[in-house]
Amino acid sequence: SPSLLGDQGAPRFLAYPRAFTVQSGTNVVLSCQIMGDPQPSIIWEKDKNTIEPSGRFHMESKGDLYSLLVSCATPKDSGLYVCRAKNSVGETYAATALRVEPVEPREEEGCSGSVAPAFLIAPSSMRVCRGEDVMFTCRVSGQPCPVLEWEKDGHKLSDLFESSHYLLGQKPEDWHFLKLFSARPQDGGVYVCRARSGSQEALAAAVLLVEPQALLDRVPGAKAFAVSAGKHAKFRCYVTGKPKPEIIWQKDGEPLAPGRRHLIYEDREGYFILKVLYCKPQDQGLYMCTASNTAGQTLSAVQLQVKEHRLRFQVQLADVEVAEREDAVLECQVPLETIPTSWYLEDRELQPSHKYVMEEQGVVRRLTIRDARIDDDGIYLCQMKDKGRSIAEVSVRGVIVKRLPRKLDVMEGENAVFCVETRDVVEGSCWSRDGLQLRESPHTVLKSFSRTHLLVLVHVTRQDAGIISFTVGESQTSSQLRVKCVKHDPPSAPVAAEMSVVESNTALLTWCPAPDSHLRPASHYLLERREAVGGEWVQCLATDLPSSVRVLGDSVPREADYCFRISAANKHGRSSPVEFPGSVHLAPAAHLERGLQDTWVRDGEDARFSLELSAVVHGSWFLNGARVGEEEDAGGRCSVQRCGMEHSLLIRGARLVDSEAQVTFVSGGVRDSAILHVQAPQVHIAPVSEAERLRKVPEGMPVLLECQVSTPDAPVCWLKDGKALPLDDIITVQAEGCVRRLLLRSACPSDTGVYTCDVGDDAVDFVVTVTEVPVRIISSNEEGPHTYMAGQHVELWCQLSRPAASVCWYKDGEEVEVGKSLVLEQEGSQCKLVLPCAQTQDTGEFVCDAGGDSAFYTITVAGKYDAGGLVGSRGLSLAVQDGTKSQVPGLLLQSSTAVARLGFPEASQLSPIGLLWHGAFPCLSVTEEPVRIVSSNKEASHAYVAGQHVELWCQLSRLAAPVHWYKDGEEVEAGESLVLEQEGLQCRLVLPCAQPQDTGEFVCDAGGDSVFYTITVAEPPVRILQPPQRSLELLVQAPECVELRCELSVPDAPVHWFKDGLEVDETENLLLLVEGAWRCLFIPKSSAEDAGEYICETKDEATAIPAEPPVKILQPCRPVPVMTVSPGETVTLCCELSREDAPVLWAKEGVRLEAGGSLVLEEEGAHRRLLIPAAQAEHSGKYTCVSGGLEEAQSPLEVQEGDSVTLVARLSPETAAVQWQKDGQTLCSGGRLLVCSEGATRSLTIKQAELGDGGIFLCDAGDDEAHFTLHVKVPRVVEIIMELQNLTVLEGEDATFKCLVSPEDVAVTWQLNGQPVVPSERLLVTRSGLCHSLTLRQCQTGDAGTVTANAEGLVSTARLSVQGEGEGEGWGSAQDTALGPAGWSESTDREARGSVVEQTLTYRNGSLTARKVSIRTPLVDVETFEKETATFHLELSHPGVTGVWTRDGIRVKPSSTCRISATGCGHSLTLERLALEDSGTVTFTADTLRCSAHLRVREPPVTMVRVPRDLGVPETGVASFECELSRPNAEVKWFKWDAACLSPCRMDRSCGQGPTAASTQRDERQVHIVQELQDVEVREGDNAVFTCEVSHGDVKGEWFRDGEKIKVSSTVKIRQEGTRHFLLFCGVRPEDKGLIRFTARTVISEASLQVEALPIRIVKPLRDKTVLARHKATLECTVSHARGRVRWLRGDTEIFAGDKYEICNLDCYRTLIIHHVGPEDEDSYTCDAFDDRSTARLLVEGEWAPRQAPLVGASVDVPGSEKTPESMSLSLTACKSLSAGLEGAGWIQGQGSVSPCLNHLGSPPVLAMPQLTLDSHCSHRELEARMRFSGPACRLMHATAERWGHAPPGTERHTDTIPSLRALH
């Protein structure tokens, strides 16, 4: 309905009319569902002609369902029908085709004009109790009127029963009945009804079962109550008693519980109600209401009978149970195809829609509920129009177990209670009303108890009505809350209304209350007024006075004559108004609400004065004492206006002479004035271009700044950097007309700045930048050799382009310092660096930096050397001797008279200094590689808390290389708070105790390489470390001293102490002490007054501390002695405590001991004793007494294998150290063990526990110890290997249900029809290994039902069906298990959890043979990235073995991300779209086999998807750099160019990608594409998103597809967010593909949209079909999409539309219609959808004629008696023509086939039949035969047919007469 769908606007079709093909004379209904607001008008058209309602055309509308009824359609009614819907918003239409076929004349069987008899309604089988009456009814058609005969078990009724025992009768409309009185057991059997019409006959049968005893013991006095099927039955029981009785409802002795169809409640009148909704036949029975209390009990009973409609469904609806979001299908069969049906969900009629798909196929009626939700759970009905109903329940399994009622009616003022139950305990549930979430309030109560969730609306009002919804996850249930209101009448109108006008400007109104005011009292009176002439009534007063009111003139808005009326009102409404006679003149007294204000305007502008009064009155304006008229004055300068209570005066074009003029307004007693101020016109400066305002000139050039003012005589003031600009010979100011200039004749760098031209009202700024000529180095001696010996004079010089230019000298990157060893000189344009006495440490690179240019000098200073030898800086000495060779390790030195050589294997072996040779040897210089940083800890997290130890380190590529450390650009200084260390290749910076001021960026510079560390040191929160307990009660024992101690995380943090909420002050008996990080509250002598709660509070947290002194065990001292006693001796274990009232716990081997039995526990003062009066061997062991010190968990711990477990002990005092031990070995952290200490807690964590981890663990604290007993258990996996199978047995046989359950010790319980099975003689429960069985002996029909096996929570269910004797196949399904005499074997193919599992079991001689299965290929560990796919595979030794996959102990079930498969011996588990939390252990278990592997899911490396791009922005504009990463949580750092080097954009270590950089350039504003469009390729039905980003957010863009502009529609969305533009295609189709273009001003970006079409699947395939000859055959299938294109094939040949074939495509339906089919049309027909295909077989039944020769007419009569029929043979001569066509032919009788009988003496066969007559009608090519036979001949005929292999199907349906015998192909 519109209210539910919420549609408004133009009409649209919710359901379209369907096309029909009908026979002439049939009624046709074309219907459609249309929605629109306002409601549309409907017009039907046929072939473009409007249809007017007439005798055969009738139009109906029911809500939004519109129908056109065509009565007795004729072929002329065929055509195109159009339904048009139109309203004020829009118009739409839908078309459909109607085809009416003329009725073809048929050749009637038998005489002309006769119709064969047929059962429209067959008699139904019944089961009754002895003594009940039985009535069989049926409805028969035929012409002439058929005659009915009844028989039982093949005998006439008159031969079996006396005439008084039964009654035959007939009712109108061809109804017939057979009634049996007082049924007896011998009346049971098969009753057959024969209907004969002329020579034709039809029959129908029914079964009667008579129970020997009544099914129910009737309760004396039980009343009978009848209800029609499908209606509600309501039972009311009124019971009184004190105390209030308890009510129990029962049916047939079984208690009833509330459910879908059973409502149990107590109404407002005190009646106890049982309501049975939509009664079914199975609801018949005895209903009892039992009431009981402490005084006794009583009951009342009613016998319910459910009457079914005479016209019943052939197949009733069956209950359906589906999971949430699955489709539910309901199907039934009606008696006749033409009977219309309607579907209902309880009391709501359903209409065809996407949610509810309704199908009609012949007599089949089908309802498909798509995507079933919790609210779809309920009772569904299929109803034939004005006839019977079929009822079924649909159960939807989901998170919500108990849903809300569909509607709830509550009286106003009552409470509305809603209750929902969920399957599990859930979180995140939500209640809402009409889509708005409900919150807890006094009016709204929200509560959840475990799985039960409640909503209570207290004292509901009409505003509370609406749709109440409960949502959890994706599940939702809703209810409509309707609030019923008690009708209340408004009060009556007052009387005697009078008005007095004696007083001036006042009206006195009087009236009297209504006479019945005591019945309907008025809470107040409403007074209304209106102007006497043309006014509207307006409420002016609400008063509680019941008689009079005075109305003053000030209460009306304006002066006028007024009328008044009054009405009475209360909360239920108001009465009709009563008008006071006459009128009164009232005028308000005006006063000033908003006065005049002085106005300032420029010369020539308009001036406006306005004020506001409290009432609408007239007034006058005065300008300088002269009155201004209502109309404009002669000069047209002043204008007076009035709008309501506002008055205004407008003076146009005010002049300077008008300045200081006085404006006055006068009205009655109101007078107000204001002054007009006129100012000279404002001076403006014309806009100056940006190029003129931003000036950049070289030094020495002139600068001219120019601007134009609005008036020539306007003075200006020039400023530089906000200060007045002094004028001199260099700077001059010029004024020429409106132009103002500033001239700088020769600019110098000091002239750089901001120049401002200020005219007072306006100003313009000029930015002047004077650039200097860069200093260049003209010449230098950097190219000369700079190799010196120690002590030599070194001079470095360079010549500059400008004298006195400043330069800086650097050595190895650091600025040099002038001293004795280094002198800097500058003379004119020449600069020098002089080393008077060079030393070896002066070796390095010197740089002279002149700003714009630099010169580099590489200086090498060698050490001193001796004659004939060479000394290196490392002390290496090489001797040179003429004519000799000297071998030095690593060096080869050769010398001769003419040549001297120095050889070395590797250059790297040389000393890092240069080698200098003298004499005849050359100079050899060896330079080392730059120092590199090999590794560092820069990637680690450097976030610290104040006080932590910080260590930064890096490893160099060379030993002893110098490094420099910097913090925030400044070199650090070593000290106590910062230590620099260098050890080998590693350099360290250590902060022993980091402080917040240490936060910053640290750099380690090794010369050629650097590493950066970002350090963050946060202020630590002040935490209370000790004690860890919170809010503990203080127990004070006088007169001891009490000391409360807290340890803080920050030693110098302040604290506050509180006692019972009040801050304490220090006294003589209460001291507050500070000991480092400890804070103490000390009470030297405690008393009872000191008891209370003490709280120590810091700025971040607070804690309450126990004050009692720690309990210690004084005796015995450790180590505890070992006691050895003899059996029977008394053992005493004693402990002495430090406090007498301390409790203790005794334990043995970790198990807590209790007093009793052979143990005695004693307490005496501070002593605790454990006595064993007579010790025995079992008393041996280790005993523990625990008190005060170490607390422990004494009970044994159990953990599953593979899980983690933590053992926890608490210490007192908290600073004590402990050791963990097991089996005498000390345990430490490592591997699977983790030892932790936190406050007083000491814990040992064992990860992934193994079986060997079980045992006793010891926590030893020196003076005390604790014991823990750990048991590790193997997880138990229970699985049903073979499910129960449905069984169908005959009555009296045994039924055995079997299932295989692993492991063998699983406890299996059985249930029959929901009741536990108790073993007895008839119910036998057995077990053999894995096999569990339940046997039901001598099954009866009442045993039919459901059998359930429960294996520790796993359930398997099967159905037991019991057939009575003589019942055929239609009474049950075939038995699934075949039993044999030698044993049994079973092979089942079943679908289990989404995969096909094949099981083969062999059972021989009562034992189950198991195969030994082993693992050939085990599982392997898998490591992959997030969102990837992981596959686990293993191979077993045998195929067909069923296993279970688990992950971290939880069973894995198939889903959209999990696939389980088994092929042969291989088993696979595939996990898709993995997440980080999916990491864990994957295990495969099969019987006793178990194989595990680890799955590790890692985050993918971070990559930079989109790098920053260069930007051009205007000066002072915003530059935004953006980069896109592959992971959202990755950290990045941004860097910027500085004076020395560029630091590029870097990412964290986890980024996995190098840095990237971008630059920015100041530029004019230009629009460009920042992010181009990207090609998109999606699948059909998905959404496609295009994103384009431009440089500016205020730029509008347009979208085009293939050159056409894209417009917004329901499937196309266009959106802009700042600079980003989005184009969204919803549910793309293949035709949406194309070239997408985005344009913004002059920029364009293009991308392509590719749509991958979904494959067309055939969702409903073709079905084999059998049709009669000369009729039409229709083959239909359904494809997955309406656009799907198909082709039709016959065999392999394609079929095209024509006279023979008609091809129809309607929505998703594809239909092939073959007209006038014949035997030649039999073939296979295929619907080919290219991606899928479906094939069906077409069979043709009908007339056959021989193809070779015509049949020769023959008539043969064989004499004989009916009782002893004789055989007749059809000879070869008589059937010569017939034999040609009988080869491979069969004989039919009616619709069944009859094979040749008796003889086969060659070809053709001889057909022998009794009393056979053959006629031939050559014109119709039909062979007919008449035959009468009785039992023996028929049986002989069947037996012979079976021997021939042509046994006719369904031969039990043959009768004594075969009307027609035909030869078929």
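Positions of Cβ are set from backbone N, Cα and C atoms, glycine also.
Taken from TrEMBL, the feature domain 'Ig-like' applies to 117-204, 212-300, 311-395, 681-771, 774-860, 930-1016, 1020-1106, 1109-1185, 1188-1269, 1275-1361, 1500-1613, 1655-1729 (among others). Residues annotated as domain 'Fibronectin type-III' in TrEMBL: 490-589. The region 'Disordered' annotation in TrEMBL covers 1364-1395, 1844-1865. Among the features that TrEMBL reports, compositional bias 'Basic and acidic residues' is placed at 1844-1856.
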Exercise. Count the Cβ pairs between the domain 'Ig-like' (311-395) and the domain 'Fibronectin type-III' (490-589) that lie under 8 angstroms and are 6 or more residues apart in sequence, then report whether there are at least 3.
Key: no
Quiz item: Per DSSP, what is the residue count of the domain 'Ig-like' (117-204) in each of helix, strand and coil?
Solution: 10 helix, 53 strand, 25 coil
Quiz item: Among 212-300, 1109-1185, 1275-1361, which stretch has the most Cβ pairs under 8 Å to the domain 'Ig-like' (117-204)?
Solution: 212-300
Quiz item: In the domain 'Ig-like' (1655-1729), how many residues does DSSP put in helix, strand and coil?
Solution: 3 helix, 39 strand, 33 coil
Quiz prompt | Helix-strand-coil residue split for the domain 'Ig-like' (311-395), DSSP-based | solution = 3 helix, 44 strand, 38 coil
Quiz item: Residue counts in helix (H, G, I), strand (E, B) and coil for the domain 'Ig-like' (1020-1106), per DSSP?
Solution: 3 helix, 38 strand, 46 coil
Quiz item: How many helix, strand and coil residues does the domain 'Fibronectin type-III' (490-589) contain under DSSP?
Solution: 3 helix, 51 strand, 46 coil
Quiz item: For the domain 'Ig-like' (1188-1269), DSSP counts of helix, strand and coil?
Solution: 3 helix, 42 strand, 37 coil
Exercise. Please work out the helix, strand and coil residue numbers for the domain 'Ig-like' (1275-1361) from the DSSP assignment.
Key: 3 helix, 50 strand, 34 coil
Quiz item: What average pLDDT does the predicted model assign to the domain 'Ig-like' (1655-1729)?
Solution: 88
